[in-house]
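As structure tokens, the structure follows; a few thoughts come after it.
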Amino acid sequence: MCGRSKDNTKSIECDTDHCNEKLHSAKDLLGDHSEILSEEHSQTVHTHKRGSDIDAEQEPINGKQGHAEDCCSAVPEHLDSLVSPKSVANGIRTEIRIMQMDCPVEENLIKKKLGSMSTVKDLDFNLMQRVLTVTHTPNSLQSIMGAIRSLGFEPEVSGNVSKKKNTQVKKNHWWPLAIAGVAALAAEVIQWTALPSWLEAGLALIAVFSCGLTTYKKGWISIRNGNLNINALMSIAVTGAMLLGQWPEAAMVMVLFTIAELIEAKSLDRARNAISSLMTLAPETAVVQQTDGTWQEVDASSVQLHSIVRIKPGERIGLDGEIVKGQSTINQAPITGESMPIDKSAGDAVFAGTINQSGSFEYKVTAAANNTTLARIIRAVEQAQGAKAATQRFVDRFSQIYTPVVIGIAVTVAVLPPLVGAGTWQEWIYKALVMLVIACPCALVISTPVTIVSGLTAAARRGILIKGGAYLEQGRKLKTLALDKTGNITHGKPIQTEMMVFNGWRELEVRTTAASLASYSDHPVSQAIVNATTDLKKHDVEHFEAIVGRGIHGVISGKNFYLGNLRLIEERFTCPSEIKSTVKKLEGQGKTVILLNDGKQVLGLFAVADTVKDSSRDAIEQLHKLGVTTIMLTGDNPYTAQAIASQVGIDEARGNQLPEDKHRAIEEYSRTGITGMVGDGINDAPALAAADIGFAMGAMGTDTAIETADVALMDDDLRKIPTFVKLSQQTYRLLVQNISLSLGIKVVFLVLTFMGMGTMWMAVFADVGASLLVVANGLRLIRK
């Protein structure tokens, strides 16, 4: 029996990390820093909790990434609102939306520019959301925005980037590309005719400048800032081809590059917007009761807390709340991934995005539109998208080496062979230009984030909230999984099965005294004793004390009483051998036994039993097939632990586990490989923190679990853990495939170039074609 009082639980929720993440108004936080309080800097606020792994992995702002790539800027249809500027320990943290920040090349460009500014303390990039979080000194925001604009970007600091605003983006005109395509084809045809060469050159120039001005502009900015991204490399290659007289090829390469980038941008946006599909689950309006009793349809974002909302059959629920009138069957699959409808009535919680299948009801709103369970899930996944997994960090480091090495080889190829008389300058310079295009690691760099984001989104759709790519990658290597018993393996709703009275006490008095003490604790075992005495009037309890891992103590009518397990009684008092025998017998049947003591003798015995979930047996079997060893760590006695473990097939069971015992056990198992811990996010906090992957069960509607767990399961179905492991394995396989594809294609075209068979347009396909392949391959996770 865990001694956790209802009063004591409040203090647990206010740990350091959570206190640091509490929301404050921008005005209170920023004081005199009025620069960030313009009209467009409104305050639709939410917070992202950063996992420790993410903070540890953040790269220095002056580090060089060398991601020589760039993509077209196609704006996603849905963008989450930004966090308003807020004070942090070393300055002010501001989120900046940069719609042209598509790929790591822009990240590298911005990082180099801002990293040299003394007013910038830290930079955090989320390319998939196109958001840059800057930690800076007061009164420096305008200079930072100016620096970003000097790179050709259009930064925006805003707390209310609305969906409508984001969908009303300027579309690229198709006719310049069409003109370029026609001109390039014409130039290609003319080179095989007797028409004058100046006509061929003129058409090629029309093609290049009709669709390539943006490329040249970005390329110049890149070169000016000491970066060689795909735009710079492509500009150099096309210009070089024209100087060599390869007019048709220069024109066709620029046209193909532009077309390929448009296609690539569309593909990338599918990955960027994958999580946005969750945003459409909650309707934008709600039917709210007015002060005069009438009903009116209003914008869901304007609905106040405690408002009454009406729902009809077939409608989606727009906000979190509690049913106050009526009953219905609700499909919670959008949140939990479980399609089995749940019957709900007055007093039950409902969640935004779920579907009312039958019946009408009214509910009281308990969370604003930007703080519903669905909204918190979306924010958590978006935050996880910005965290780099181990494979992604490796690829980033590799690309820093790959691009300069290939450029160096290209320069050598252009200069050395002609100097030694191995060919003409034109021949080798052309080969070098082809290699410059191949030097761009676009496909390689985007292969990992696209796959990771797809995996995170696929998990969210299954009711599994993963707090970062690092955990998604680690899941496939899970070797040991420790589980708390109550609520995870069992239903967590035990019932009292036996009750005995000793030493001449009356049964009614023993039951009432025990229930009075138990009513001050929210542990399931205590509640089982309380529920068995609903017909009795409880005594007042003074000086209530929760004794962790043992039981509870309180004073009733001036007398001390203790209600707890055999361990509590033996440590403080004595327990007759006949009562011990009874306890051991009941525990051997898988029951939890609680004793009532008045400080002198045992007055009564209560046996409580929980039932095992059917899903637990299936989950443990699946985990064993995946090679995962399962361990039960429970505060229950060893006999009960072993009995439950035998029922579900768990490999090992440890009973009488205090929080510090569970922590030590996790540290022990961690020495042999990746270890996971399944707990409730509060009592098991030390063990969850020590585990490589901490799982929180039944996180739907629970702020603490969503914020603190590495992986939050939105319902209490243990089978989601083997699903998580399988998804991790699938993600890793796709990562390997994508990295192999992107590198393999580059190697093939490098060899062809050395053999004199590679052309510039082939190099374009080698770069952008590989990018399209890895994006399409990575998106397979979402389609499954």
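Glycine is treated like the rest: Cβ placed from N, Cα and C.
The domain 'HMA' annotation in TrEMBL covers 92-156. The helix, strand and coil residue counts that DSSP assigns across the domain 'HMA' (92-156) are 21 helix, 22 strand, 22 coil.
Per TrEMBL, region 'Disordered' is recorded for 40-68.
If you look up TrEMBL, you'll see 174-192 (among others) marked as transmembrane segment.
Residues or ranges marked as transmembrane segment in TrEMBL: 198-216 (among others). Non-local neighbours of the transmembrane segment (198-216) in the same chain are 176-177, 179-181, 183-184, 186-187, 190-191, 231, 234-235, 238, 242, 247-248, 250-252, 254-255, 257-258; each lies 6+ residues outside the stretch with a CB under 8 Å from one of its CB atoms.
For the transmembrane segment (401-420), the list of distant contacts is 66-68, 228, 428-429, 431-433, 435-436, 438-441, 444, 750: same-chain residues at least six beyond its ends, Cβ to Cβ under 8 Å. Taken from TrEMBL, the feature transmembrane segment applies to 401-420 (among others).
Taken from TrEMBL, the feature transmembrane segment covers 432-459 (among others).
Counting only same-chain residues 6+ beyond the ends of the transmembrane segment (734-755), those with a CB under 8 A from a CB of the stretch are 391, 395, 406, 431, 434-435, 438, 441, 443-444, 447-448, 450-452, 454, 762-763, 766, 769-771, 773-774, 777-778, 780-781. The transmembrane segment annotation in TrEMBL covers 734-755 (among others).
Here TrEMBL flags 761-782 (among others) as transmembrane segment.
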